[in-house]
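*Asks:* Take a look at the following structure, please.
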Amino acid sequence: MRFGTDDLEDAAMYPDEESKSWFARFLGSSNTKIVLGVVVGVGTGFIMTHNQVAADVNELVGLPGKIFLRVLRLLVVPMVFASLTTGIGNLVQLGKASTIGVRTAIWFVTMSTICATMSLVVALALRSLQPQKHFEPDAPHTIALNVICANGNFIELVNGTKVTCAANAASASNTFELLADQITNIIFSLVPNNIVDAFQQGMVMAVITFSLGFGASVVASTETDSQLLMVLAQLNKVFFFIISHVIDWSPIGVFSLVASSFMPPNANVDSGAGSADNTSSDRDRYVMNAQFVGAVVLCNLICVLILQLVIYPTLLFVTTRRRPFRYMKHMVPCATFAFGCASSLATLPLTIRCVESTREISRTLLQFVITVGSTVHMNGTAMLFPNAIVFLASTAPREIYIGGVEMVIIVVVSALSSIGVAPIPNAGLFMVFSVWTSAFPNDDFPTTFSYLVAIYWYIDRMNTLCNVLGDTYVARIVAEQIDETFEGNDVES
């Protein structure tokens, strides 16, 4: 039985890899190389710390890792534009095509938002249970501004309400940013007055806003298939191609970041008690970071269990009035394969086969929803971003406050960014930077990102499992809502 996915099946096959032994494939796996990079990086870091290497040597060891992070920053803005414009254009095109497209798009966006919100709540809850890092208070940043009147005196604020020119010397006063000013600044960050300047400065929020409107306009401005959308889709493929090659260098970047992180920047190598204190401090720092890494894994596991055992079964029962697990048990093969290969695209043929085996959805509908969902519906990836951002904020070198405004930005940008993530292994890592930049534009991207890369082989598999299963459940819900049930004459023996 064929489902019209021959090209995708062929793309998912790698004959040259099948001829290799399992050990050769294991050593050639990118995940294996990343783990080896972490192990070698930890060993190198301990050796460098024990031998008290000079700071410039540590700087050179960390140089490849810093270049790796710079490549991430280089790719993130154009990749966000290309992927999000293409994704939004495809969703709008679905809305123009039929009622099926509208309902499918609504469910895709809704579930991604729910997953991002759930991940943020769980991550913050686990963060509150972790031992808090102690930060040195930042020195206050003040600006000396003295205004001299015509009479030679300084301006003075009297009783907080009246300004006079009676002061004989400059005085200090404090100013506060009003809530209205904060809201205005956020809106201005969404709507720039120069999109070229926004691209140049890496203003991801502005690029996202522009991409939403541009992608929708590309499709809405023509009655036929948009040639510009095809060009953008090809540009998107080019970035996916670049990403796949950048991923090949991630083991070296991880090794460099991990090895150089054992010595704090600008650290002076002392002897005696000072050296012992530094070693103890470093040990405490890495133990705490390891606890936060454990919280990332635990948060991911909790979110996956809640999504698969509570949220989706409840939605299936409410919308279909049938026992959800009877439908869900048919998805075990594609879920297992998705966990193994970490690619929604490679799992697509098997996913279609599993959904059709339920005999509850017509082939036309399931092919439409699941094929589109494999590229734009990444609810597992939407769960990754808030979890990663909370981890990075917790392990940053300075205290970073996650307030209500930052929470809203994290959820919205996570849901939108998940639309444009490539359905290939490790692609979600490259969008973490865009979410961080949107929520904390004035803070440097933490080098503890290397810890995320080290454990991403596991998180990516769990997220892919959620991505694939989410497509199958949305297909069943949409089928029930538009009465697109299985048709016996649609079956081929």
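Even glycines carry a Cβ here, placed using N, Cα and C.
TrEMBL labels come from automatic prediction, so no person has curated them.
Feature table excerpt (TrEMBL):
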TRANSMEM  34-55  transmembrane segment
TRANSMEM  67-92  transmembrane segment
TRANSMEM  104-126  transmembrane segment
TRANSMEM  198-221  transmembrane segment
TRANSMEM  292-318  transmembrane segment
TRANSMEM  330-352  transmembrane segment
TRANSMEM  364-393  transmembrane segment
TRANSMEM  400-424  transmembrane segment
*Asks:* Examine the transmembrane segment (67-92) against the transmembrane segment (330-352) and state whether at least 3 Cβ pairs sit under 8 A, considering only residue pairs 6 or more apart.
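*Replies:* By the criterion, they do not touch.
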*Asks:* With a Cβ cut-off under 8 Å, give me the same-chain residues at least six positions beyond the ends of the transmembrane segment (198-221) that come close to it.
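*Replies:* Beyond its ends, the transmembrane segment (198-221) has Cβ neighbours at 73, 76-78, 80-81, 84-89, 92-93, 96, 189-192, 228-229, 232, 409, 413, 416-417, 434, 437-438, 441.
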*Asks:* Using a threshold of three or more Cβ pairs below 8 Å, and leaving out pairs closer than 6 in sequence, do the transmembrane segment (292-318) and the transmembrane segment (364-393) count as in contact?
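*Replies:* These two segments touch.
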*Asks:* Among 34-55, 104-126, 292-318, point out the range having the most Cβ pairs under 8 angstroms from the transmembrane segment (400-424).
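*Replies:* Of the candidates 34-55, 104-126, 292-318, 104-126 scores highest.
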